[in-house]
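Enquirer: Let me give you the structure first, and then I'll get to my questions.
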Amino acid sequence: MSGADMAKPLLGHRSIEGDPSTPPAAGRTIGVLGSGDFARSLAIRLVCSGFKVVVGSRNPKRKASLFPSAAEVTFQADAVKKTDVIFVAVFREHYSTLCDLADVLVGKILVDVSNNTEINHHKESNAEHLASLFPACTVVKGFNVVSAWTLQSGARDGNKQVLICSDNQEAKHTVAEIAQAMGFTPVDMGCMSSAREIENIPLRLLPAWKIPIFLALGLFLCFFTYNLIRQVIHPYIREQKNKLYKIPIEVVNTTLPCVSYVMLSLVYLPGVLAACLQLYYGTKYRRFPDWLDQWLQHRKQIGLLSFFCAALHAVYSLCLPMRRSHRYQLIETAVKQAVEKKMNIWVEEEVWRMEIYISVGIIALGLLSLLAITSLPSIANSLNWREFSFIQSTLGFIALVISTLHTLTYGWSRAFDENQYKFYLPPTYTLTLLVPCTVILAKIVFNLPCIQQRLLRIRRGWEKGRYVKFVLPSATGEYSSGETSSNV
């Protein structure tokens, strides 16, 4: 790749040099110590943002071709002398190689962009370790949560927050100006003690998803085991029939809607519990229990997992007629019908039940798709609060109601058929109805005028037992004021 090509960002973003909206930091000379992938991407982004870049390398001749032609690649000591702001793009274990530059680094701002391989791998953060090696320098932690791809792709791709921390306010302000000129959003995380937490952020694997994923897996294992007992183990013990072929498709397909349905109800159950606590205590200012607070914060992830299971259920259902076992069963049914000389096995009730069941299921999946799409940050940011609340709250509750109708039409009258109680265990769908029906009934109760008004007043700041001022119109049309207890 030529040097001219290296000077261009991967996605073809234009340089913002000469843009009147560019922060005053643009145009200054920035140093980069290191010649790895991150240093290369950082140099590209800095050049395209209007900065003069000097790259310090131990082998400048060999590394020069990796950087854009607009960037000067020289020895580390020469690069340090030409700038006051230096990005240290080397690993922690290589910090000691910079000790020979201690004299020329005096008074410089060092931006530590490194990360560890494990959370809390060292007793002190990399930035604190760097500051201890160069006490005459000002160290700023930043840009470690931004990937090399993000640096090259520019400011319109993904999350562009740059977390910054340092004990020196002026140094933080300088680095924040540089980040802003590069198209990022600087976030001040405080003093250098925050560096340890900032360095742990890129190492966490889906921290907000851990509890919802374990919840979904737990529900799946429970329902899968229950369905396995009913659909495979029961026929084998009672009738000596081998039904193991049902496990990969049929048992899984029976389990997925149960998980999806219960997970959807768990999205709205914490809101019901929160409303009950507010009504009980008569205030919105009392803190919820930690478990409920965590539950409320994970509703988005729970809802997306519910949609994921529902989508898998739809795909599995479409694949049911493709199974060879299904073809054998069709042929067997046709042969039995011919032997018994039955000309018509049409059952009107079963036909209508399946038609309604499938139609309602499609509607429920469509609403869940809408909820999932509006959960994406790019879509949610385009909606105002009322629109977002209507889709996530009102349409979400409608999706729960329609999912309940989908489940009921599937069951129809099976709950009253004793043949469905295998090992005296009720059909699986009857178990899934417990939590959703509780949520629906609670929502209906909360919408009663007497309860709805009281809950609305609490959420507007009303508190039980607190005296408040009120203003009432008199018979002459004038207003008179007074006081009353707010629990009246």
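The backbone N, Cα and C atoms fix where each Cβ goes, glycine too.
Annotations per TrEMBL:
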DOMAIN    29-116  domain 'Pyrroline-5-carboxylate reductase catalytic N-terminal'
DOMAIN    258-401  domain 'Ferric oxidoreductase'
REGION    1-27  region 'Disordered'
TRANSMEM  211-229  transmembrane segment
TRANSMEM  261-281  transmembrane segment
TRANSMEM  302-323  transmembrane segment
TRANSMEM  356-376  transmembrane segment
TRANSMEM  388-408  transmembrane segment
TRANSMEM  428-450  transmembrane segment
Enquirer: Any chance you could find the range in 261-281, 356-376, 428-450 with the most Cβ pairs under 8 Å to the transmembrane segment (302-323)?
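Expert: Ranking 261-281, 356-376, 428-450 by Cβ pairs under 8 Å to the transmembrane segment (302-323) puts 356-376 first.
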Enquirer: Looking at the domain 'Ferric oxidoreductase' (258-401) alone, can you tell me the average pLDDT?
Expert: 92
Enquirer: Using Cβ atoms and a strict cutoff of less than 8 Å, what residues sit near the transmembrane segment (428-450) while being 6 or more residues removed from its termini?
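Expert: Sequence-remote neighbours of the transmembrane segment (428-450) are 223, 226-227, 230, 254, 257-258, 261-262, 264-266, 268-269, 272, 275-276, 397, 400-401, 403-404, 407-408, 410-411, 414-415.
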Enquirer: Which sequence-distant residues neighbour the transmembrane segment (356-376)? Criterion: at least 6 residues beyond either end, Cβ under 8 Å.
Expert: 260, 264, 300, 303-304, 306-307, 310-311, 314, 383, 388, 391-392, 395-396, 398-399, 402-403, 405-406, 409-410
Enquirer: What counts of helix, strand and coil residues does DSSP assign across the domain 'Ferric oxidoreductase' (258-401)?
Expert: 120 helix, 0 strand, 24 coil
